[in-house]
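Heads up: the structure comes next, in structure tokens.
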Amino acid sequence: MTDSIFNPLATHAVRSWYLLLISWSVAAMLLAVFYFQHHLGLEPCYLCVTQRFFVVAIGVVAALGLLFKPSSALHTALHCGVALLAAGGAGFSIKQLWLQSLPVDQVPVCGPPVDYLFEAFPASEIITMLIQGDGNCAEVKWQLLGLSMPGWVLLMFIAVLATAAWRLWNARRLP
């Protein structure tokens with residue numbers, strides 16, 4: 001009798017451990033964003049803002065996944081959502097790393113600050129500008145162990161994508 005009460009919780013924990021890990025990782029990344037922007041004074045470029053959107057969206061989807069029963073089709077859809085968001089975010093990280101690798105004479109022209117975009121342009125133009133990036137995105141403002149910020153964010157996106165893919169691949173084999 002005791003097993004039937006606690007087994008569903010254990011099953012849910014086995015199936016959802018990575019969603020909890022992703023949620024905590026996203027929270028840690030947002031704390032780092034706050035530190036870099038407000039304590040160190042590093043202003044985000046357009047592609048940084050776009051990558052932040054994907055990080056937050058992954059965190060929201062992962063947190064929602066913790067609320068649903070592991071056997072539900074919605075739970076599987078949330079795993080797919082996490083994987084797709086991670087792949088999309090990885091694409092923008094790669095684009096920014098590519099911009100950072102360009103010679104100075106090939107870097108696109110810098111645009112206005114992100115805050116100004118939201119004050120002066122309609123949403124459709126803002127989205128286009130954020131997706132395209134600009135010369136500010138080519139500037140390396142911070143590095144750790146030789147990797148710039150988009151490099152570290154790319155590693156996070158790859159880890160999330162790999163974990164979500166593993167989870168989807170093994171969905172039927174786990175209890």
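Including glycine, each Cβ sits where the backbone N, Cα and C put it.
The feature disulfide bond is assigned by TrEMBL to Cys45-Cys48. In the three-state DSSP assignment, the secondary structure recorded for Cys45 (disulfide bond) is coil.
Mean model confidence for the topological domain 'Cytoplasmic' (1-17) is a pLDDT of 48. Residues or ranges marked as topological domain 'Cytoplasmic' in TrEMBL: 1-17 (among others).
The annotation topological domain 'Periplasmic' is assigned in TrEMBL to 36-53.
The topological domain 'Cytoplasmic' annotation in TrEMBL covers 71-76 (among others).
Feature annotation from TrEMBL assigns topological domain 'Cytoplasmic' to 171-175 (among others).
Annotation source TrEMBL lists transmembrane segment at 17-37 (among others).
Taken from TrEMBL, the feature transmembrane segment applies to 49-68 (among others).
Annotation source TrEMBL lists transmembrane segment at 80-98 (among others).
Look at TrEMBL and you will find 149-169 (among others) tagged as transmembrane segment.
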Checklist outcome for this item: The answer for the transmembrane segment (49-68), taking Cβ pairs under 8 Å and residues 6+ beyond its ends, is 16, 19-20, 22-23, 26-27, 29-30, 33, 74-75, 78-79, 81-82, 85-86, 88-89, 92-93, 96, 114, 130-131, 133, 150, 153, 156-157, 160
Item to check | Cβ neighbours within the same chain of Cys48 (disulfide bond) - under 8 Å, at least six residues apart | outcome: Gln96, Cys137, Met149, Pro150
